[in-house]
Amino acid sequence: QAGKSEEQSMVIPQVPSNIQMRRCGYCMVKQPMRARHCRLCQHCVRRYDHHCPWIENCVGEKNHPLFIVYLSVQLVVLLWGGHVAWSGLHFEQSWDWLQHNALLLGSFLLIVIFTIVVLLLLISHLYLISCNTTTWEFMSHHRISYLRQSELENPFDQGVLLNLWRFFC
């Protein structure tokens, strides 16, 4: 019992006295700061970041580092696929060449688009991690009570290096 309460006090951030803890309207449980109910998954998620349609799950406290690994691996695979598609293209200026290589050229262009999307998504998540904020907090800071009442822009920011260290380690 004592071990559980000590562990919970370390994991759940202490709420300032002027901010009341919310009760989830769907689950009817008290939500700690940075938690949110996902309407798609139908449960509350601690340190909610976003609901990702690619993995068909919420990204939150427990799987956010794995989501960054997922994006990194996806980027490497897309770069490798782009390299393979590019190496298969042997450019000639003829209509016959375009007819034979249209599918490969279209695949390469599609891979380039997906690579840009994944790269931008990975960069934006790394930026948010370096600021110790979540996508939900970044997009909805004006609606979140503990961010709206704070004098600081982000009360969770502890500096770039410490934020990255705490997230990845």
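A Cβ is built for glycine as well, from the same backbone N, Cα and C atoms used for every other residue.
Taken from TrEMBL, the feature domain 'Palmitoyltransferase DHHC' covers 20-141.
Here TrEMBL flags 67-86 (among others) as transmembrane segment.
Per TrEMBL, the feature transmembrane segment maps to 106-129 (among others). Long-range Cβ contacts of the transmembrane segment (106-129) within its own chain (Cβ-Cβ under 8 Å, at least 6 residues beyond either end) map to 67-68, 71-72, 74-75, 78-79, 81-82, 85-86, 89, 135, 138, 163-164, 167.
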Practice prompt. Give the residue counts of the domain 'Palmitoyltransferase DHHC' (20-141) per reduced DSSP state, in the order helix, strand, coil.
Written response: 67 helix, 16 strand, 39 coil
